[in-house]
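The domain 'NADP-dependent oxidoreductase' feature in TrEMBL is assigned to 15-255. Sequence annotations record features per position, and here TrEMBL assigns active site, proton donor to Y48. TrEMBL lists K73 with the feature site 'Lowers pKa of active site Tyr'. Annotated substrate binding site per TrEMBL: H104, in sequence order.
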Amino acid sequence: MHYAELPNGRRMPVIGFGTYRIDPKDTREAVSQALSMGYRSIDTAQLYRNEREVGQAVAASGIDRADLFITSKTMTEGYKPTREGIERSLERAGLDHFDLMLVHWPNSDHAGTYRALEEAYQAGLLRAIGVSNFNSDQIGELCEQADVAPMIDQIETSVYWQQRKMHPFLQGRHILHESWSPLGEGRSRVLEEPALQAIADHHHKSVAQVVLRFLTQEDVIVLPRSTNPAHIRENLDIFDFTLDEAELDRVRRLDRAESVENWPSDMLQEQY
Ligand code: NAD
């Protein structure tokens with residue numbers, strides 16, 4: 001496994017298993033498969049309604065908790081509901097801590113919402129904290145009020161939406177850049193992109209593997225999701241090849257700054 005270092009010195013795998021849109025009844029099986037194949041980071045959220053099943057798979061895996069990195073995300077607004085939500089998430093997952101908790105999306109009370117995360121971090125219930133879908137202004141505003149700066153921003157990032165403005169902004173603030181929908185949610189046709197296929201053929205890899213390798217070489221943490229065992233395995237098998245500078249450049253040129261989602265404009269990080 002390859003790791004990235006969080007600003008607080010902890011480390012996290014650069015590839016994790018995404019669980020959005022995995023039905024709760026299928027989650028335990030999918031996460032168990034991912035863990036048995038070598039994934040050590042799992043991304044869930046209150047919104048996904050599968051924290052309990054993620055926790056069940058973790059408990060059944062027999063893997064040392066210290067070797068796992070479990071992320072969840074809030075869906076509450078303001079201090080009190082968020083504090084209670086964190087406690088309920090831990091209860092549901094049967095865990096005594098999350099390795100990372102994110103404010104899932106911008107809301108009308110960033111300061112109060114994030115303060116609940118800071119307190120839980122200081123109490124050891126959360127080992128790292130951050131945000132998701134925040135743009136640079138929202139992060140700047142939060143940092144002015146926060147005691148513990150956000151350590152991660154999880155934002156939509158794929159070959160077609162490379163976040164060329166947000167990435168340097170986050171790096172400048174020592175905030176890790178984590179990608180959601182690295183494979184374009186299966187809807188963007190990125191896996192049919194001829195330029196990527198040519199690179200994949202050259203390395204005897206799949207296009208999905210080239211996309212995930214590209215993003216990790218660009219210092220972006222990825223969270224591919226699948227319930228297909230062959231794809232789950234394939235997506236993790238990306239560290240036995242490296243894209244050279246010419247290949248990286250070719251993939252960089254595929255950027256269209258194009259989101260797969262129709263997000264409200266304040267959730268589309270820095271257009272370019
Ligand atoms: P993704 O980009 O991981 O794409 C998933 C799709 O790709 C599925 O249809 C899957 O069947 C297909 N796929 C996966 N591996 C493949 C392979 N090797 N070959 C061919 N097809 C393959 O989509 P996602 O689930 O939207 O994003 C990943 C994770 O990011 C989520 O599961 C979730 O954990 C997180 N996420 C977070 C937010 C947020 O707001 N913070 C939003 C969306 C997703």
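Going from the start of the chain as shown, residues are counted 1 onward.
Note that Cβ sites are derived from N, Cα and C of the backbone, with glycine treated the same way.
What TrEMBL annotates, mapped onto the structure for a quick look.
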residue : record                               : DSSP (3 states)
Y48     : active site, proton donor            : helix
K73     : site 'Lowers pKa of active site Tyr' : strand
H104    : substrate binding site               : coil
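Here the Cα atom of Y48 (active site, proton donor) is found 9 Å from that of K73 (site 'Lowers pKa of active site Tyr').
The Cβ neighbour count for Y48 (active site, proton donor), using a 10 Å radius and every protein chain shown, is 21. The most densely surrounded of the recorded positions K73, H104, judged by C-beta neighbours within 10 angstroms, is K73.
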